[in-house]
Structure formats: structure tokens, C-alpha cells
Amino acid sequence: MSDTHAQTAAFVRDSMIQQQDPPVSQSGAVKWVRENLFSSWLNIILTLASLWFIWAALSHLLPWMLRGIWQADSLAQCRAIRDELYGPDVSAACWAVITERWNQLLFGFYPQDLYWRPVLAFVLFLVAIAPVLFQGLPKKMLGFSLLSPFVIFWLIWGGSIWGPVAIALGFVVGWAVTRYLTPVIGVLPGVIATILAPIVYWLLVAAPLAGLLQDILPLGITPVGSKDIGGFMLALVIGVSGIVLSLPLGILLALGRQSDMFLINKVSVTFIETIRGVPLIVWLFTASLLLNYFLPPGTNFDLMLRVIIMVTLFASAYIAEVVRGGLAALPKGQYEAAGALGLDYWNSMRLIILPQALKISIPGIVNTFIGLFKDTTLVMIIGMMDPLFLANAIRATTDWNGVYWELFVFIGLCFFVFCFSMGRYSLFLEKKLRREHR
Amino acid sequence: MSDLALDRQIDRSQMTVSDEVAIQITKMNKWFGTFHVLRDIDLTVYRGERIVIAGPSGSGKSTMIRCINRLEEHQSGTIMVDGTELSSDLKNIDKIRSEVGMCFQHFNLFPHLTILENCTLAPIWVRKIPKREAEATAMHFLEKVKIPEQAHKYPGQLSGGQQQRVAIARSLCMKPRIMLFDEPTSALDPEMIKEVLDTMVELAQEGMTMICVTHEMGFARQVANRVIFMDAGQIVEQNEPEAFFNNPQHERTKLFLSQILGH
């Protein structure tokens, strides 16, 4: 700027303004309330109506819950205590039914003196799943995670320790075939042998081997039958097994559906469409009734195992479709770059494609898991003792005839804790991956 | 067209061509459905040659170099790479792919891996090189493309030019004998084109066998020892760069050159 212009300037600031705080009405909580709750007449009316609605709901619920009676032997006694404390027309929850029967809701008819076993199994499950969910933990814990299914199985069902050991050895057989036989006989025969060898072992060798080992060195704990397992424990056993098994199966099905190989493609598509097209209840009936017609007479194939297989197959079809969405969302260039670097199919899937596709699919996968977990209550229809079945059984006794809200609130809360945790974990994982991969 | 590469002093003395055949394409034909996209392609590439392929879009130039490492499958004729014939034999394909590096228009870095992991992945899993050694090699090539300081970032944090240089380093980590470039600068801002071309020039000076599909005519003039012009799925003209640019023979080539160099 030249001097002549400076002399003719219309405005020259003589003092600079210091930084000031914004007005109270434009910052903090006041601003938030004004903007979000009372920004216009319509919003004011809606806010007041919502507040009234929340008050109306809580004013009925909270007194009912908080007045609740925790110690009583029957509903009649509950009512007597209530009449004495609050008067006959006041509503009060009878939580005593939970205090009295919580063990049945959680464990079914599992022997009371053995409750420590499923509890320990649950703790071990949490330890086993931790390194899978959180990468910060030492990698060595994964070894325990691999071992844990057999330990947990043994703790819950009890019996000879050699049963689970013999079953676990099947996986060792499969590993040994891959490790030592495949280099000798080639890849394709190797894969077939890896699948067949453990199956043959389980069908023919495992049971006699377990028996033999038990004869040599009897080691075991009191066996508990599947029919005694019930309540929330049943939901957890079926739900967790279904979740753990359906993810790998679902991923394989999704890859199969994408495959160029005609037979694999068509088998995957047929499987997914058939399983998905029929209600879960039909499959559960198939598991409980029809399978008996197809199996050779005299075979005793545990009902719980059959249900777990059905639930797994059912969930895997859904997982497959969710993962397929993730695979389809990846740009073609990722497949090409992996191929151009010389990576073979399995390596490029494992290292490049699936990590990205699964990341995209996380919300859908967790959604399917939550659905699967809640669907375990359907096993009540085929006579298994899930929490709802037991709630009905408790209500059928003379002591607790007429109680219902309290039981269902408790069951709902138990399911909510697990489903909400899964949802939160999914959000945590999404955020973490987004931060990492930017 | 960018002539950014023109101001470089290039020592062509190092760029020797041997008479060993690196790639031999004979009577190669390809169809997309019923569309005849490549017609009777005959091409011999000698070791150490830098070939630039030019041509209008849809002329089949990208498809042709993608056939060389089997990203596209040809339907008749033969392609020999380093003496190995490309057929549906998966072993041959994987072998050729690990010998032939490729850079794409859109870089195709793996967004879930860091720059260093992008570079070490294939050496570790395909070449079975120990991780430590692979990382040392990767750092060497990242230094060569002048971005060693970005090694622990993710591709999304880098500019386009940096990403393309990482893509080149990633290919080099496999120690390829041939490099294919599929329009490596087409998706870049003009400022970034230079840094990528510089890297490619350096590579050429070290004697790498290169086939580049590109519209960078300055690069072609300086570095290529042969320019191939394609149209309608066939090779229309090929010549040394001087002759190609100053004295094009075919009418189609003249039209193409007048259009891209005319302004």
C-alpha cells in the first residue's frame, strides 16, 4: 500500500479487541438445551409431551420395582407381605421368585453341588475369548483358546477326561496329515486326506481309544446329561457354539458362492438358499424328530448336539450372505493387486481380501450373532429347557402360579446384558479399525 | 499432455538392450464376449527394453499388458514370459506373476496394511523370505522411491504420487525381472506426475525391462527405446521414439499424434 492511500483511508483501527467468552445463551448446556429441546414451538410441545410420557412410564415402573419384595416362599406370601407393608391396592414386584428360583433359571436341573463346574467353564470361556477379541493381549493366550473348548466341554458334561482328549486328538491327526503327508502326496490329495483322516478317526478309533485309556488310567468327574442342562446356561452353550462355529463356515460358504468353480458355487448357493428359505423352527423339528428316522436304529445322537449343528448351519447361511456383501464391496483392484504380486488364492483371501471384507461386514455379522443368540429360546418348542421353558415351569407350580412380569424382566435382562455387550464390542471394533486404517 | 519429463538429463548409455528374449507374444487374440478386443498381437520384448504403448482409449493397450501376467486370459496364440508359457496351469501363472511386477492406474495398495507391510507381504508369503530380511529390502526400495519416512503410515494418509511410488516399491520388493505399468500417472495431479516419472526413469536407467502404457509422451521420447501405437485391438505402428514422433507412417498414428501433441 502506498502512502497516499494510507492518508485517505476511511477507517483505521486504533485498538485491537481481546478474545472474549461467547454469551452464556450461546454456549454450554444452555445452548444445547435451546437448540435441541426448545428451538421452536413444535419442538417445545414435543419435548414436554416426551417428558410427560417418560414420567408416566417411570412413575408406574419404578415404585413397582423398588417396592419389590425379595424374601418370600410363594406368591401368596408375597402378597401378604405387600398388604402389610403398603396396603392391598398398591402394586409391588415379587422378586422373591427370582431369589427362590434363580438357580433354575440359570442352570436348569444341573446338580446344585456341581454349579462350580459351569461357573468355572464360563470364567474359562471369558479368558479364552479375550485374546481373540482384544489384540493387545499376549499371543500365547491363543493356545489356551484352542484348548478351551475341550476343557469347557469336559467341565460341563463331566465324565471321563479321556473322551475330550480322544476328540481333541482328531485335530492333531488332521494337523499331522497336513504337516507331514501333504508334502509327499500333493496338495489336493493332502486336503482330502486332512478332512477324511480325522473323520475316520472319530468314527472308528476315538471311542475305543477313550475307553481303553479310561481302563488304564481312570480319571473323571461326575457325568451330567444334556437333559439336565437348562436355563441361561443352555442358551449360552447353544449360542456360543453356534457363533463360534458359524463364522468360519459362513466365510467358507461366502467364498464358495463367489467361486468360479461350478460345483462348489452351486453347492454353496443351494445350501444357503435352502437353509435360509425355511424357518429355524422347522430345522429344529427336523433335528429333534426327523433325524432319528434317517440315523441307523439304536444310535443315540445327543439332542443338544443336533440342535447346535442346526443352529450353526442356520446362522452360517446368514453370515455367508453378510460376508458376501463385504466381498462384493471391495474394489476389483484389490484382487488384481494381490494376484499380480503372485499370492495364491488362499493367501490373497486370508491376507488381503477377508480382513477388508470382514471389516465392512462387522455390523451385519454381529447383528446375525445377536439374532442367533436370542433365537436359542426357540429350542423350548422341541422340549429343551431354555429360560422361557423354565419360566413357564415355575409359573406352573402352586407356589408361583400367577407370577409373570418378574420372571420375564429377569430373563430379558440376562439376554440384554449379552446382546448389548456384543453390540458395544462391534462398535469398539469398528472404531478401532477405522482409526487404524484411515 | 505433460512434458514435465523433458527437462531431465538422461544417461542412455546404461540402458543396454540384450538380445535375450524376455517376452514373446505370438498371434495372440482375445475376446470380451463377442467383442474382438485384441487381434493377432505379435510382440517380442528383449531384456532391458523400455517399451511405451500409446493409443486411444479402448484400443486394447491395457488389456494387452494385463494378458502378460494373466490378469486377463487370452483365447488364442501364445505368450512366453521368461521362457515359461502362460497357460491355465496355476503354477506357471503364480511363477510368472512373481517375476513380473505391475503398477496400476489406481495404485491398488492394501488399505488395511501399513506401507511397510504392503511391501513385505508378498516377499514373506510368496518368496518365503524371513520377515526381518523382507523389511530391510522394503526399506531399501522405499528409500529408493524417496519415502522411507512414511513406512509406518497407512496408504490413506499418503498423497496420490506417494501412493504410486509405494506401489512401485512394493513391486520391486519381489525383485521382478520385468515391470508392467498400466497408466501409472493417469490418476495423478500434474504436480505429482513428475515424482512418479522420475522414479520410473531411474528404474529404466538401471536396466529394468519395462512396458508402460502411458500418455506421457515426454517420458516416451526420453526413456523408451520403442514406442508402440495401438488402435482397434491391433498394433498399428512401432518405431524408435525419434522416428515415431517426427515421422509417423500410418494415417491413424498421424491423427493421434496431432491430437495429443497439437496443443
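Backbone N, Cα and C define each Cβ position, glycine as well.
Keep in mind that what you see is a predicted model, and the values were worked out from it rather than measured.
Sequence-distant contacts of the transmembrane segment (A:41-62), counting only residues of its own chain at least 6 positions beyond either end whose CB sits under 8 Å from a CB of the stretch, comprise 91. Annotated transmembrane segment per TrEMBL: A:41-62 (among others), in sequence order.
Residues 103, 107, 141-142, 144-145, 148, 151-152, 155-156, 158, 221-222, 224, 233, 236, 240, 425 of the same chain lie 6 or more positions beyond the ends of the transmembrane segment (A:114-134) yet place their CB under 8 Å from a CB of it. Marked as transmembrane segment by TrEMBL: A:114-134 (among others).
As annotated by TrEMBL, transmembrane segment applies to A:154-177 (among others).
Residues annotated as transmembrane segment in TrEMBL: A:184-209 (among others).
Sequence annotations record features per position, and here TrEMBL assigns transmembrane segment to A:229-255 (among others).
Sequence annotations record features per position, and here TrEMBL assigns domain 'ABC transmembrane type-1' to A:232-426.
Residues 253, 256-257, 259, 301, 303, 306-307, 309-311, 313-314, 316-318, 320-321, 375, 378-379, 381-383 of the same chain, all 6+ positions outside the transmembrane segment (A:267-291), place their C-beta atoms under 8 angstroms from a C-beta of that stretch. Residues or ranges marked as transmembrane segment in TrEMBL: A:267-291 (among others).
Sequence annotations record features per position, and here TrEMBL assigns transmembrane segment to A:303-323 (among others).
According to TrEMBL, the transmembrane segment annotation covers A:360-383 (among others).
A Cβ distance under 8 Å defines the sequence-distant neighbours of the transmembrane segment (A:403-428), meaning residues of its chain 6+ beyond its ends; these are 68, 75, 93-95, 97-98, 102, 105, 133, 232, 235-236, 239, 362-363, 366, 369-370, 373-374, 387-388, 391, 394-395. Taken from TrEMBL, the feature transmembrane segment covers A:403-428 (among others).
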Chain residues outside the transmembrane segment (A:303-323) and at least six past its termini with a C-beta under 8 angstroms from it: 226-227, 229, 234, 237-238, 241-243, 245-247, 249-251, 253-254, 257, 268, 271-272, 275-276, 280, 283-284, 286-288, 291, 357-358, 361, 364-365, 367-369, 371-372, 375-376, 379, 382, 384
